Amino acid sequence: MRTLWIVAVCLIGVEGNLFQFARMINGKLGAFSVWNYISYGCYCGWGGQGTPKDATDRCCFVHDCCYGGVKGCNPKLAIYSYSFQRGNIVCGRNNGCLRTICECDRVAANCFHQNKNTYNKEYKFLSSSKCRQRSEQC
């Protein structure tokens, strides 16, 4: 029974919002593009601190701030509806916090696309020692 519970929790994480966000990024930038943003700069990936290194990193900072303002559900697990229409991400008929989460993810995916020319490979797997400046306010 415990094994079944662990599998269920893992599947929720895979089917949840972070997976949807990854699909949005890949849809805007191409297959497997999400891997470029998993550990980039000071804000792309788990946590975040310091000053964003470039426009790409700022996309992640804004996304973190957006998630920080979500009330009523967990932005990393909640499942919302969305679609791609003529290359544009369109959030579906979501209510309340699901709508907010979808918009956070849509804006970030579009931001990555709009700022893809600022992506700097030197910021991939950036040491946290490079992000020790005082964090900006959302």
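Cβ coordinates come from backbone N, Cα and C, glycine included.
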| query | Among D64, D105, which is the one Swiss-Prot gives for the Ca(2+) site where Y43, G45, G47 also bind? | reply | D64
| remark: From the list C59, C60, C65, Swiss-Prot names as the disulphide partner of C138 the residue C65
| field | C111 - recorded disulfide partner, Swiss-Prot, among C59, C60, C66, C73 | value | C59
| Taking Cα-Cα distance, which of the recorded positions Y43, C44, G45, G47, C73 are within 10 Å of C104 (disulfide bond)? | none
| remark: Rounded Cα distance, in Å, between D64 (Ca(2+) binding site) and C138 (disulfide bond) is 9
